[in-house]
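Data block below; observations after.
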Amino acid sequence: MEKLEIKGKISCYELEKKLKASSFKFLDITKLEDINTCLLLVILKELKNKKLTLNNLIATNKQLELIHLLEKYLEYPKETKSISKKPISLNLKHLFYKILAPVEYLGYFLVEAFKNIRQMEFSALLKDLQVSGAGTLLLLGALSFLLGIVMAYQSAFLLRTFGANIFIVELIGIPTFRELAPIITGILLAGRVASGYSANIGLRKVSEELDALEVMGLSWVSLLVLPRVLSLIISAPILMLFSSFFMILGGALISEIYLNIPVLDFFSRLPEAVSSNHVIAGIIKMPFFGLYTALVGCYFGYISEKNPQSLANSVMKSVVYCIAGVIVMDAIFSIIFTKVGL
């Protein structure tokens, strides 16, 4: 029977050479006061593989306790990875939580906003108005102008075929104020502003700035979220009217080129072709689009974890949810306006 005699010293390199040998004896092993537990574990594993015992082990009582403890560890069955199906109740709870989490966030926002509204800085509101409003004008104007050109260009040839050139005003004006301008404005706010809100709030969470504000007794909702929400509620209707003007301008230019309708005549006929109800219908939507976009952008920034991958996913989700939400809300408003005759 092999004998493990604990005396002398041996290095890890020498032990490795002995373990690789075809036949070896555990002699002249280092003292347990100096040996590493992992090294001893290697020895015990090798003994177990060779079906050797430690009955003739020369060691102190403390050393034997350590060895027996490690032997029990070797005998303990390893955990095997198995695909376990979660109970249906857990899946339903998780789904229920995912549905209620935004509702909880909305309630928390309302309570904090009204309770600490005095902490909101007016300068922060003006800065957010500049970022979400003035910073969007150039891109929004260019996209709206091009969309108006495309719309008029696609319609001009069909109208000219039937001799209905003058109806280009209704064809451009009504969809612009009711649907196209609100949608293009909402999508642009989702892609440009909501993503910025998510990244900003997420970075502040990663740097523990939100925790620092709470420690100082300040409400991060009133300081960071409320100004952004109010700025989008205020700027969204203005941006929609701005988009409508450039969209109609693009349509008017194409009408003059292909349908021989002067730009001035186009705009002079616009008030009688497009009633105020169409303009009001578009304006009513925009504060809700702005409120939804700001809340969703800040929400996904707030729930992001403290790592870059989670932050990137939150920014992506905020854009997707904002665009989808704007389209769904627009469809709901269209049904409501049809029912009430607006």
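Using N, Cα and C of the backbone, Cβ positions are placed for all residues, glycine too.
Per TrEMBL, these features apply:
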- 95-111: transmembrane segment (TRANSMEM)
- 131-150: transmembrane segment (TRANSMEM)
- 245-267: transmembrane segment (TRANSMEM)
- 279-303: transmembrane segment (TRANSMEM)
- 315-337: transmembrane segment (TRANSMEM)
Q: Count, for each of 131-150, 245-267, 315-337, the Cβ pairs lying under 8 Å from the transmembrane segment (279-303), and report the range with the highest count.
A: 315-337
(Q) Given a Cβ distance threshold of under 8 angstroms, which distant residues of the chain, six or more beyond its ends, lie next to the transmembrane segment (131-150)? (A) 172, 176, 180-181, 184-185, 188-189, 192-193, 196, 228, 231-232, 234-235, 238-239, 242-254
**Q.** Long-range environment of the transmembrane segment (245-267) - Cβ separation under 8 angstroms, sequence gap at least 6
**A.** 140-142, 144-149, 151-153, 156-157, 159-160, 165-166, 168-169, 172-173, 176, 180-181, 184
